[in-house]
Amino acid sequence: SGSCQFKTCWHVTPEFRLVSSVLKEKFQRATFINSHNKNTGVFHPRRLKKKRLAKELVYFEKSPDFCERDTKVDSPGTQGRVCNKTSHQMDSCGNLCCGRGHNILMQTPSERCNCRF
């Protein structure tokens, strides 16, 4: 009579917040690769080490400026958008106004009521 032993190993996906945080850091440190017509398909980074480059993000086209209106990519820009001055999220004035400044608009809503005095 023999005995049988099982061992099970598995990988668990990390929390989405952790993954997104790592990706954001990599995005902010991404390296621009200047491509040209003489490109042979071989990339020789001068300042980057091969091991580091394998774990980092690289890009060869600059992102469009989403602050300004661009009809080619159907981007309306952010001018005239309402921002939240107390927010630290995507709707914050720092993100939406793109350094152009913003105006503070105070509004007092008026509603009809059937009040009698």
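Just so you know, glycine gets a Cβ as well, placed from its N, Cα and C.
Residues annotated as disulfide bond in Swiss-Prot, with similarity to another entry given as evidence: Cys83-Cys98. If you look up Swiss-Prot, you'll see Asn84 marked as N-linked glycosylation site, on the strength of sequence analysis. Annotated O-palmitoleoyl serine per Swiss-Prot: Ser1, in sequence order, evidence recorded as similarity to another entry.
Within its own chain, Cys98 (disulfide bond) has Cys67, Thr78 as residues 6 or more apart in sequence whose C-beta sits under 8 angstroms from its own.
Around Asn84 (N-linked glycosylation site), the C-beta neighbours below 8 angstroms that are at least 6 residues distant in the chain are Asp91, Ser92, Cys93. Here Cys83 (disulfide bond) comes close to Asp91, Ser92, Cys93, Asn95, Leu96, Cys97, His102: these same-chain residues lie at least six apart in sequence, with C-beta atoms under 8 angstroms from its C-beta.
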